[in-house]
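J.: This is the structure, below, for whatever I ask next.
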Amino acid sequence: MRLFPIIRVRTYTLTMLMHIVMFAVLVLSIRPADGFPNHTDDYMDEDLATFDYYKGTDEFDEGNRTQECEECVPELCPLPLGCRAGLVQDSCGCCSQCANLEGQTCDLGQRNVYYGLCGENLECKLYRSDGADVEEPEAQCVCLSQKPLCGSDGQTYMNICKYKEAAYSNPGLNVSDGPCLKFPIIKVPPHNLVNVMGSSIAFLCEVFAFPMALVEWRKDGKEVILPGDDPHISSRGGPQKYELSSWLQIEEASQTDSGTYRCIARNELGHVSATAILGVLPPGKKLFLHLDNQTWRRRGRFLNKFPMAQASKMDEKHTMREWSSLEAARSSEIQYRE
């Protein structure tokens, strides 16, 4: 009867000994620092400093492409539609897909990996826009030729790539060298301004035309043209091709400068004009601007009542802010009353 307890004690003791031996073997088999190194080697830093990231990326992409690409069966390829820049091969070199348009992000070189390849008459170049807050420039599709073309639809295409895009939807579209003759268009007209005496005021007028337009300024409909060599009048080309930007600046404005100013753009095809009203208020008194027979909008919404604006030396900024949000639906003269 006492034999069974003795056997159970011996079996338990043997089991514990086996567990201790196995744990000791496991501990001895693990070498220190295999999983988490506690030191660094100089040669590792040197390897990282000379590592070619782009080459490594190419090799990685090539490996992925080899693994992902299956046997090419052209009959199973999807039909690409709406490809305005032509067709290119996909990353596996099997199916056709739409090429990237001008200005779209692209893959450098001839490898179609992520962004895609550029279309006909385009090449992929690194591009950094002015003032862009980016560490590295991005690659974009750029047209090989920047010569303007005149379309049979009367539109000027800045390069052959823009023409090809338009021709996709209009197969009968033809072009000739050079831009189309264009009547002057005022793209950015001067805006109505109100300020106090002694301030600086500037009107801007942006014009598009071909041949290039000449811009002149007139005041109150008088025939006297403001002199082109006046230091307060400046013009320069841009911001786009065949555009001209002209500024009229008035320094230390007085009440005699109040009135209607006209920007006139002309070339051999004709002329066009746009007007703006300038109101100059004396800083020592509070004057009200009575806007009679005028329909006004503020941020796109019509106002039921005519707005009244007042200015003094203390609220000059407030007055300018209020007037900058008002838009006249039709022009009229500004009248003053105390």
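Glycine too: its Cβ is placed from the backbone N, Cα and C atoms.
Pasting the feature list from TrEMBL:
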{"type": "DOMAIN", "residues": "65-144", "note": "domain 'IGFBP N-terminal'"}
{"type": "DOMAIN", "residues": "119-182", "note": "domain 'Kazal-like'"}
{"type": "DOMAIN", "residues": "184-279", "note": "domain 'Ig-like'"}
{"type": "TRANSMEM", "residues": "12-30", "note": "transmembrane segment"}
J.: Can you tell me how the residues of the domain 'Kazal-like' (119-182) break down into helix, strand and coil by DSSP?
T.: 10 helix, 21 strand, 33 coil
J.: Summarise the domain 'Ig-like' (184-279) as counts of helix, strand and coil residues per DSSP.
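T.: Summed by class, the stretch gives 3 helix, 58 strand, 35 coil.
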